[in-house]
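Read the structure below first, then the notes.
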Amino acid sequence: MAAAAALVVALAVLGLATGGSAQLQYGYYKGKCNGSDAEAVVQSIVKARFGREAPIVAYLLRMQFHECAVNGCDGGLLIDGPGTEKTAPPNLSVKGYDLIAAIKTELEKRCPRVVSCSDIEILATRDAVALAGGPAYAVRTGRRDCRRSLASDVKLPGAEYSAAQAVAYYAKLGFTAQDTVLLLGAHTVGATHCSVIKNSRLYGYGGKAGATDPSMDPTLASTYKKYVCPNVSSSDGNTVFLDDQWSALKVDNNYYKNLQRSRGVLLVDQNLYRDTSTRGIVDQLATNNGLFQTLFAKVLVKLSEVGVLTSTQGEIRKVCNKFN
């Protein structure tokens, strides 16, 4: 009952806005794009890309987190050049920049210097989530783009974090323990590489050579070791889905069901179920996909409003990968 009550509180709290986010508004671009519906333009381009490449939803969810968790949702991740956020090790595998650029190019033809790159990121992610069977949700717009992008600012959570470490990281961004479990639910469409789990879970658990993490389902561990991630360097780049392959392109609650069955792929994922402080929320989400959909939408909205620039702050870039 306590966990259920906490979820009700989370529903009420997730939508609260602070700081610059208070100046965001629904339909901000209405009447500002020379007769075009800016949000519809974004949606049509995302839909076309999703039809060709369904994993774009995973790319965009990851991009939104890597963007918003570092200095807020300000477009800093999109900047090219030496020493920028994009060059930080955790960001080297971020994908989807070309889609953001394509959307920006089309919008610049219709209404130059009106729609920010940071808003495009948020709108594109929203549209991709809905296309992948996730919740359809409204987002407020009116963000502006930053003029700072430094690799040294990038401090993102690790794949081997304990639940307590993950919760502490997200708390610095204004999120609760429930929010943390929900944000990691983005792994419902995620993927990683064998190099990320070979040492920590398959062949070197606890720093012991050849040791496999006992918290991983033995059948799953055996499958990875035999077929997907054999203990040779040539397997390092092999793809590992963070959800069952049949569900890996669908935004649903199967990720949490896997944690209950000790089939979490990343250590940080499985640790959510190993820790009694977060296990209850995993159980709630695993048994109620509707609840997951509702709360996942709200936490994505909350993430999208972290540290935004509005009004006369920052700029509206002409192109997304360089400052004006």
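For all residues, glycine too, the Cβ spot is worked out from N, Cα and C.
Curation does not apply to TrEMBL; its annotations are automatic.
Looking at Cys68, Cys111, the record from TrEMBL puts Cys73 in a disulfide bond with Cys68. Recorded disulfide link (TrEMBL): Cys111 to Cys33, out of the candidates Cys33, Cys146, Cys194. Within 8 A of the CB centroid of the Ca(2+) 2 site residues Thr188, Asp244, Asp252, the other residues of that chain are Val189, Asp243, Ser247, Ala248, Lys250, Val251, Asn253, Asn254, Tyr255, Lys257, Asn258. Comparing the disulfide-bonded residues Cys33, Cys68, Cys194, Cys320 by how many other C-beta atoms lie within 10 angstroms of each C-beta, the top residue is Cys68.
In this structure, the recorded positions Val70, Cys73, Cys111, Cys117, Cys229 were compared by how many other Cβ atoms lie within 10 Å of their Cβ, and the smallest count belongs to Cys111. Apart from Val70, Gly72, Asp74, Glu85, the residues listed for Ca(2+) 1, the same chain places the Cβ atoms of Glu67, Cys68, Ala69, Asn71, Cys73, Gly75, Gly76, Leu77, Cys146, Arg148, Ser149, Asp153, Gly307 within 8 Å of the centroid of those Cβ atoms. Long-range Cβ contacts of Asp74 (Ca(2+) 1 binding site) within its own chain (separation 6+, distance under 8 Å): Glu67, Ser118, Arg143, Arg144, Asp145, Cys146, Gly307, Val308, Leu309, Gly314. Fewest other C-beta atoms within 10 Å: among the binding-site residues Glu85, Asp244, Asp252, that description fits Asp244. Cys33 (disulfide bond) and Cys117 (disulfide bond) have their C-alpha atoms 15 Å apart, to the nearest angstrom.
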